[in-house]
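Annotated region 'Disordered' per TrEMBL: 300-319, in sequence order. The transmembrane segment annotation in TrEMBL covers 26-54, 74-97, 109-131, 160-179, 191-217, 229-255.
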Amino acid sequence: MAYTPSQTLELVSRAGARKANTKPHLVFISAVVGGCMVAFAVAAFLAVVTAPWYQENAPGLIRMVGALIFPSGLVMIVLTGSELFTGTTMFTTVAWLHKRITILQLCQHWFLCFWGNFAGSLFVILIIFGYGGGFDHSPYKDQVIATATSKQVVPSFHQIFLRGIGCNWLVCLAIMLGMQAKDLNSKIIAMWWPIFIFGAAGLEHVVANMSFIPLAIFLNTPGLSVGLYIWKGIIPSCIGNIIGGALFCGAYFFWFFIYREGEIMVDGTYYNQPQPPATAASDAAEKGQGDININMLHTNPSSVQMGKPTATLSDSDTN
């Protein structure tokens, strides 16, 4: 069983409203954790693709192996309810188009998520792996330098920008597919493959670059500087990611599945309809009877509108 596309977009909209109404310091802290998760995935990717013989003789094979590892970052973010800048471009855009948040709330949420992700990424990749010496020696150091050079030094500005569009299109699609599924295993599988595609295709993700490039700068990569990173690592990939997530994914799917619809019921409730105080899930939890379906607990729509987000487990809590 799964939600329909219309129901999934309704969940995206509700989640965007909840996120935009969350207290700023909580958003920032959650984004720091999200940046840490991406940095761990980047470190795992770099370790796995460090295989000189395969890089020389079977580069497609070793890239595929790395791409199979990389989705673990998004899975950890979604399952821990952490914030990811690229994902929130879709969530808050849909909520704004649904007239559930203001443009000021949208921009504030993007700002907090971006810098929170940046702080978390730098902490893990520079403190834990940089000063921790995880990539100090060959062949791992050589792989970090080669990866950063191929991502920042070689391609032009417009190439990174276009790769950024495709990247976040896939990231937000992965999040949507994960929200459409109702059980945990299906969610993980649904999220895994779009991220595999982006990793295998070598697309540009601004939050992942917050780990790839600073680590390479830390290791004194020739031709790579902080200025070049800002010009080619942040600006084009960030703009491309926003277009891919907000326009190609968020705005398009809102227009296609929600724009002409009225109120959409999800799990027996509408957005403006208060939830009953007790549900089958809460009853089962109190009695300790079996497993609880994580989709039976979801955001209280009325609390979102009042600007008081509730701490619940649901698809609408994914990023």
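In case you wondered, yes, glycine gets a Cβ from its N, Cα and C as well.
Note that TrEMBL annotation is computational and uncurated.
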Outside the transmembrane segment (26-54), six or more residues from its ends: residues with CB under 8 Å to it: 19, 61-63, 65-66, 69-74, 76-77, 80-85, 109, 112-125, 129, 134-135, 139-140, 142-144, 147, 199, 207-208, 210-212, 215, 319
Which of 74-97, 160-179, 229-255 contacts the transmembrane segment (109-131) most, counting Cβ pairs under 8 Å: 74-97
Outside the transmembrane segment (229-255), six or more residues from its ends: residues with CB under 8 Å to it: 5, 9, 12-13, 85-87, 89-91, 93-94, 97-98, 114, 151-152, 155, 157-158, 160-173, 176, 204-206, 209, 213-214, 217
Tertiary contacts of the transmembrane segment (160-179) (same chain, 6+ residues out, Cβ under 8 Å): 3, 8-9, 11-12, 15, 71, 74, 78, 84, 86-87, 89-90, 151-152, 187-188, 190-195, 197-198, 201-206, 232-233, 236-245, 248-250, 253, 315-316, 318-319
